[in-house]
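A.B. asks: Marked as ATP binding site by TrEMBL: GLY9, THR10, MET11, ASP12, CYS13, GLY14, LYS15, SER16, ASP86, GLU87, ALA88, GLN89. Look at TrEMBL and you will find GLU87 tagged as active site, proton acceptor. If you look up TrEMBL, you'll see VAL170, VAL171, VAL172, GLY173, TYR184 marked as substrate binding site.
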Amino acid sequence: MPELVFFSGTMDCGKSTLALQIEHNRSARGLRGVIFTRDDRAGEGKLSSRLGLVTNAVEAQEGMDVYAHLVGLLSEGGRVDYVIVDEAQFLSPAQIDQLARVVDELNLDVFAFGITTDFRTKLFPGSQRLIELADRIETLQVEALCWCGARATHNARTLDGVMVVEGSQVVVGDVNQTSAEVGYEVLCRRHHRREMTAAAARAGALSPDVLPVTAG
Ligand SMILES: [Zn+2]
């Protein structure tokens, strides 16, 4: 039975790498897939992993009917054996419904990869719809770590290095970006609640009241 599978995790937990691995394993067996993505760090129409791998993808634009797109490909004689969707949290709930229809009516496996919650710890609408509709939800096993060493379960947004908890839900940036205005960092819930990023922890450790007294 074909399935709609939602692979979920924080940023930086290897989702895109796993998406590329699934693509590699299936194409090596002669299967042909269609990859959708949205707002990938490598640019429009690309699926990239932080380990440096990149492949071409179809940009799932806002308002695009992904079911109709696949029906179009098939009716032109194209071959589609499976579908991969990266950055699935950025798809609209309607597009997630279309993915479920792809599974049920086109009999294709759909593997969707995404972050569940945004920097305010709220569900992305696309991820919420995936949780509601998926046949199976897999939490990725490559766990990202908070700077304290605990399991990182939440995404923090930083603005010029300082954690922010307000702003629009979608601002494209990347983890561990130091130069860009908007960056992201994965934290454990405790440090997300305390708004303590790695930089804030370092600054705290260097603040005058905890500096060792030096002879001078
Ligand atoms: Zn922590």
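Just so it is clear, glycine is given a Cβ too, placed from its N, Cα and C backbone atoms.
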A.B. asks: To the nearest Å, how far is the Cα of CYS13 (ATP binding site) from the Cα of VAL170 (substrate binding site)?
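C.D. replies: Given the Cα positions, CYS13 (ATP binding site) is 19 Å from VAL170 (substrate binding site).
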A.B. asks: What is the biggest Cα to Cα gap, in Å, among GLY9, THR10, MET11, ASP12, CYS13, GLY14, LYS15, SER16, ASP86, GLU87, ALA88, GLN89, the residues listed as binding ATP?
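C.D. replies: Binding-site diameter by Cα atoms for ATP: 15 Å.
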A.B. asks: Sort TYR184 (substrate binding site) into helix, strand or coil using the DSSP assignment.
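C.D. replies: TYR184 (substrate binding site) sits in a strand per DSSP.
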A.B. asks: What Cα-Cα separation, expressed in whole Å, is found between GLU87 (active site, proton acceptor) and LYS15 (ATP binding site)?
C.D. replies: 9
A.B. asks: In whole Å, note down how far the CA of VAL170 (substrate binding site) lies from the CA of ASP86 (ATP binding site).
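C.D. replies: A Cα-Cα distance of 15 Å.
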A.B. asks: Compute the C-alpha separation of MET11 (ATP binding site) from TYR184 (substrate binding site), stating it in Å without decimals.
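C.D. replies: TYR184 (substrate binding site) has its Cα 8 Å from the Cα of MET11 (ATP binding site).
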A.B. asks: Fewest other CB within 10 angstroms, which one of the recorded positions ASP86, GLU87?
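C.D. replies: Minimum Cβ neighbour count within 10 Å, taken over the recorded positions ASP86, GLU87, occurs at GLU87.
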A.B. asks: Looking only at Cβ atoms, how many others are within 10 Å of the one on LYS15 (ATP binding site)?
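C.D. replies: The answer is 24.
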A.B. asks: If you count the C-beta atoms lying within 10 Å of each candidate's C-beta, which of the binding-site residues MET11, CYS13, ALA88, VAL170, VAL171 ends up with the smallest number?
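C.D. replies: Counting other Cβ atoms within 10 Å of each of the binding-site residues MET11, CYS13, ALA88, VAL170, VAL171, the minimum falls on VAL170.
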A.B. asks: In terms of Cα spacing, which of the binding-site residues GLY9, LYS15, ALA88 are within 10 angstroms of TYR184 (substrate binding site)?
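C.D. replies: For TYR184 (substrate binding site), the binding-site residues whose Cα atoms are within 10 Å come to none.
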A.B. asks: Nearest of the binding-site residues to VAL170 (substrate binding site) by CA-CA distance, picking from GLY9, LYS15, ALA88?
C.D. replies: ALA88
A.B. asks: If you measure GLY9 (ATP binding site) to VAL171 (substrate binding site) at Cα, how many Å is it?
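C.D. replies: Per the Cα atoms, GLY9 (ATP binding site) and VAL171 (substrate binding site) stand 18 Å apart.
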A.B. asks: Using DSSP reduced to three states, classify GLU87 (active site, proton acceptor) as helix, strand or coil.
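C.D. replies: For GLU87 (active site, proton acceptor) - judged by DSSP and reduced to three states - the answer is coil.
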A.B. asks: Let me check the 10 A CB neighbour count of TYR184 (substrate binding site). How many other CB atoms are there?
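C.D. replies: Counting Cβ neighbours of TYR184 (substrate binding site) within 10 Å gives 21.
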